[in-house]
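Record features, source Swiss-Prot:
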TRANSMEM  14-34  transmembrane segment
TRANSMEM  38-58  transmembrane segment
TRANSMEM  95-115  transmembrane segment
TRANSMEM  149-169  transmembrane segment
TRANSMEM  207-227  transmembrane segment
TRANSMEM  235-255  transmembrane segment
TRANSMEM  259-279  transmembrane segment
Amino acid sequence: MKTYLELMRAGNCAMAAFAGLIGVLIAYNILSSASPYVSLSLFDTSLIFAIVFLVTGAGNGLNDYFDIEIDKVNKPSRPIPSGKISLKSALYFSLFLFITGITLAFLVNPLCGIIALFNSMVLILYAQSLKRTPFFGNASVGYLTGSTFLFGGAVFGMAGLQALVVLFLLATLATIAREIVKDVEDIVGDKKDGARTLPILIGAKKASYIAAAFGFTAMLASPVPYLQSILNEQYLFVVAIADIFFLIAVYQILGKKDAARSSKLFKFAMLFALISFIVGA
């Protein structure tokens with residue numbers, strides 16, 4: 001069992017599942033403040049955690065399945081290249097997790113089921129081909145990160161989905177920016193591996209400008225939840241800290257050409273953006 005949890009990257013699954021829970025709680029706070037008839041189901045909330053954990057684990061397992069040749073060189077101790085789990089077992093286990101997660105999602109409501117099904121398809125395509133495609137790989141990671149919060153809100157149906165659209169967009173934009181910056185950081189190693197990332201395709205400078213554009217867009221859009229009276233003044237205060245980190249991250253990638261530092265700053269910006277939604281709801 002320990003080996004299969006390692007294949008799933010259980011720690012990563014838990015963090016994603018926690019993000020789903022945050023989505024549930026934020027959507028509940030927003031909706032319950034507008035209507036006294038909104039209730040929070042502990043059972044459905046538990047299912048959200050389990051579904052995100054399982055589907056994320058399925059995606060991670062499938063990623064290892066397709067990366068077997070690369071991992072033989074770069075990560076020989078991983079479950080598949082080390083021989084702890086056979087290639088076929090890893091594939092069947094990942095498919096089992098996908099099916100279980102999607103089935104549980106439809107038990108919550110049809111909207112959750114549709115999102116889980118669509119995200120599973122994106123994860124499969126990402127592991128198979130999208131991650132090797134310039135920009136579309138970055139966009140896939142951005143969407144999947146943002147949709148984790150959206151999935152949590154979907155427990156309340158379309159109203160919950162609409163309540164978290166801005167959080168979804170901010171998380172997606174910021175993640176895409178950081179993913180491109182990470183590709184700029186890894187450009188030397190990626191060239192040696194024959195990868196086709198955005199910086200390799202158009203150059204580090206142009207890719208940095210694209211990353212900065214996504215970061216700026218996320219920053220400029222950050223006041224929207226307050227202006228629309230979705231979140232309170234506390235949100236505005238904390239998100240301002242996130243915006244400062246976004247600005248410094250952009251400066252580091254454009255002015256200092258320091259992709260590693262910029263990537264870390266984008267990560268801090270995303271953390272404070274998440275905190276701002278929690279305190280502002």
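Each position is counted from 1, following the chain as shown.
Cβ coordinates are placed from backbone N, Cα and C, and glycine is handled just like the others.
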Whether the transmembrane segment (14-34) meets the transmembrane segment (207-227): three or more C-beta pairs under 8 angstroms: no
For the transmembrane segment (149-169), sequence-distant contacts whose Cβ falls under 8 Å of one of its Cβ atoms, 6 or more beyond its ends: 19-28, 30-31, 38, 41, 44-45, 48, 51-52, 108-109, 111-112, 115-116, 119, 218, 221, 224-225, 228, 230, 277
Proximity verdict for the transmembrane segment (95-115) and the transmembrane segment (38-58), three or more C-beta pairs under 8 Å: yes
